[in-house]
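J.: Here you go, one structure.
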Amino acid sequence: MTARRVSLPLALLLALLSVSLLRFVPSPRPPETLGPAPNRTSANYIVRFTRYERAEDHRSYLEAGVRSPGWRWIPRRNPASKYPTDFGLVAIEEGPAREGLIGEIGRLGLVKDVSLDLSYGRGLLGENGERLGAFVDGMKRPGKIFTSMSFSEGQGEYYTAISNSSISWRRHLLAPRSQVTSMFGAGTLWEKGYTGKKVKMAIFDTGIRADHPHFRNIKERTNWTNEDTLNDNLGHGTFVAGVIAGIDEECLGFAPDTEIYAFRVFTDAQVSYTSWFLDAFNYAIATKMDVLNLSIGGPDYLDLPFVEKVWEITANNIIMVSAIGNDGPLYGTLNNPADQSDVIGVGGIDYSDHIASFSSRGMSTWEIPHGYGRVKPDVVAYGREIMGSKISTGCKSLSGTSVASPVVAGVVCLLVSVIPENKRKEILNPASMKQALVEGAAKLSGPNMYEQGAGRVALLESYEILKSYQPRASIFPSVLDFSDCPYSWPFCRQPLYAGAMPIIFNATILNGMGVIGYVDGPPTWHPSNEEGNLLSIHFSYSEVIWPWTGYLALHMQIKEEGAQYSGEIEGNVTVKVYSPPSQGEKSPRSSTCVLQLRLKVVPTPPRSKRILWDQFHSIKYPPGYIPRDSLDVRNDILDWHGDHLHTNFHLVFNMLRDSGYYVETLGSPLTCFDAHQYGTLLLVDLEDEYFEEEIEKLRGDVINSGLGLAVFADWYNVDTMVKMRFFDDNTRSWWTPVTGGANVPALNDLLAPFGIAFGDKILNGDFSMDGEQSRYASGTDIVKFPRGGYVHSFPFLDSSESGATQNVLLSAGMTKADSPILGLVEVGEGRVAVYGDSNCLDSSHMVTNCYWLLRKILDFTSGNIKDPMLFSPSVKQDNPLYIDDNQLPSRRTDVNFSTYSSVVGKELICRSDSRFEVWGTKGYNLQVRGRNRRLPGYPVIDLGRGLNSTAEVFPKTRPKSREKRRGDSGGNGYLGGLFYRDELDMPVLVASHWLAPAVIAVAGILLFFSFWRIRQKRRRRRKGSGSVRMANP
């Protein structure tokens, strides 16, 4: 009796304790380096309107139309306030009603859109002179993510802001330092009386001092920041102005009589906001500036208020010049706005006419993965050890594309002054000036077009062009010559042949006839000889050209009848452009643009020499937080270089061509290529998901069609992704990685039919194979692999064990164990090779390359050539590697992946970068072909259900439906993924914590109900016996 009375409270205690354990499991917190969560009471938003009105009228409109509370209008007191504006700035309170309020504002009829007021930062100089970028030691600095637009003083070591690389130029110049103006022959134009008179030059920078002795014509200084000063306290704006218009004999500018309008848009901390730029841009338009220099940029070309305002600037006939970026020598590192076609993007060279190692390279990455980038920079100019004005007096020498940009801006001011003032607006515009610069430029002998653009600016040649200029349209580049190497790289490295994916060349249309133009009918291909009819060209182009520029993309294929042709094809592509008549003209302006082609053609290579690179499944920043592939790189947290064979994988492309392979790019799903044409499908560093049809087709392509498959993955660990999150003070929200270095759960689905899967370890270390030393940098491990395959394992540090993935120093408690990283296996008629790291192929953060390994892998996957070292009997798997599917890495369910994906929520369709015959279709051979058959030494293959096997090899699996996979659980220790509010700080239910308390809870509840039922029965018995006693006194 006593025991029963004690058990009931005990059961209640157990149940309550279990519920408490479930409720108060500690949630993952941001790493200590992030500091405490900031005060997030409100955030500033830009509300853009469809028309210009007084700011007070916009405010009244919002106050009348928005019924919900939680917002307030922010007055802007600056020189632009006296002019009509097309935007307003509002503060919106944080909270659950925020999104609804933003939607309510956005639905108003005169509201164009609502977006966060982003901030921009320029690279800072640290105490030791090193460059400080957007991320320092893994932590994000205040401000928008940016690349360095600063410069380095004198000689020594230069540090890029995001690229985490240092460049040294401690060497003697071939010529003594001289005035940069004399290098361009500016004195010739000065002698003719052209000195920049009556040219209004807007310098968007850190300001300038009113009494600076180096300038004779400072017309106006305006401040657009939240600091109460017009002066330059940093020296950058003064230096830029000195290069353009300085009069000191030691550091002469190009156009000393230019009217300087100094727009102070950066604080002393080198921070600026989009709203400041928008107001300043509007003021530049209202005050009719002629030229604008902007030495700032970053990788975010999706900041639409900023990007579209730049379009508006140029549409109002302001010639904008901007630095291309200081993130060289890496490719795919162009900065915005210099990467916009209506802006003159400037790269840097030294006095030996070599591309400066710090100068960013093209191509533009806006168009990737479904198209091909444009040629940028437009031109290059001297940007190393250029003399300019100090902050108060005297001169100094600086380097960087921030220096090259004002060099070109000074050239432009000088050229503008050549045209009589009453005719300038008729002749000069952003397109005609760019035409004069690129057509007059001197092509350098060493660099390719994506490094130098048209070449080094040539002031006197551009002057001659402008003297006799008549409004016209043209194409840049105007020639594509496969025989002109290295300038025409990568096109000159690989000829055309029948059966290949289209080769895409993306040219820019420059329309000097008017701000708006139209393409009059489709472009036309005019072959110079009969062989030219073997070339088939499909065109995509801007039907409307605005502002001043458009695009013309050529999708080139050799027809099947040219499969054995070897030789050259020459001809011209013409496109007709017209613009509305100018003032006083009665008929439209018209011009025919010409693009000259000289193409090399070879017979179709054998299948074993053809490789297909999957570009379609690559995702880059922007628009999402796509993290870096190497966690050792702490000052570059974003994957933003394009991940293309012609950007950060350009060295792989060159190596493969040198090895005799022909490499093609697929920007469409895997259903859009014919597997019989290729020896190997190469998947490197991929972040996207896969359509079910892709998984099914690839299984058949490998097993039945003999396709080789080579996969280079990267790290994926949800714990690490959580710890990499940071609070962005600009967007007032937590940024968390969308996926890991690669999307391992998606790759595992793709590889499931072959019994292969990657894990979630993060491995680092050095290893040696066959005398080749390599670095494994933040790679993953192989956790499933079939019996009979060959697996190589090495002792590596697993940095995911201790959760110290943000610390590059080894710490106590970290252990090394043998981890499988390389696997090779024959599957049916095909062959599969997987490797857990791609950093050894990526030039962005490469420590050592693994080209030797890639060549051996391709020998196997394409030609079934087995290297004795890779296929040593000692690494053959007598038993399979195997773990349960619920232990595999799981997807994050707190991320709306469809926002960034080309697969999730999208339609499967073959795009214009696939073979013409499948454009607009779902692709080749979507039906399963063949029947079940047994492979030698392998279990039964069920072509309808996936690769079967006995339990000891790998269980019969089929990729789960995409709907289910969006919310799958298990693996990586998470129940249904991680659930966060906006700040990602609500408690998280972690599998390693919930199992024990869950069992206790169930047991406690069962005990409680058991004793409750016993007690109820005893009460009923007592009640019954009491009634009997009353009836029988």
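Cβ atoms are placed via backbone N, Cα and C, with glycine included.
The following feature annotations were taken from TrEMBL:
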type	residues	note
SIGNAL	1-22	signal peptide
DOMAIN	43-115	domain 'Membrane-bound transcription factor site-1 protease-like N-terminal'
DOMAIN	196-448	domain 'Peptidase S8/S53'
ACT_SITE	D205	active site, charge relay system
ACT_SITE	H236	active site, charge relay system
ACT_SITE	S402	active site, charge relay system
DOMAIN	476-604	domain 'MBTPS1 third'
TRANSMEM	994-1014	transmembrane segment
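Context for these features, please: burial, neighbours, distances.
T.: A C-beta separation below 8 Å, combined with a sequence spacing of at least six in one chain, links D205 (active site, charge relay system) to D232, H236, G237, V240, A241, A262, F263, R264, V265, F266, N293, S295.
DSSP assignment over the domain 'MBTPS1 third' (476-604) gives 11 helix, 67 strand, 51 coil.
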J.: What number of additional C-beta atoms lies within 10 angstroms of the C-beta atom of H236 (active site, charge relay system)?
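T.: Neighbour count, Cβ to Cβ under the 10 Å cut-off: 23.
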J.: Pull the DSSP breakdown for the domain 'Membrane-bound transcription factor site-1 protease-like N-terminal' (43-115) and write it out as helix, strand, coil residue counts.
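T.: Taking each residue of the domain 'Membrane-bound transcription factor site-1 protease-like N-terminal' (43-115) in turn, the totals are 24 helix, 28 strand, 21 coil.
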J.: Along the domain 'Peptidase S8/S53' (196-448), what average pLDDT does this model show?
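T.: Per the prediction, mean pLDDT sits at 95 for the domain 'Peptidase S8/S53' (196-448).
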J.: Within 10 Å of the Cβ of S402 (active site, charge relay system), how many other Cβ atoms are there?
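T.: Neighbour count, Cβ to Cβ under the 10 Å cut-off: 33.
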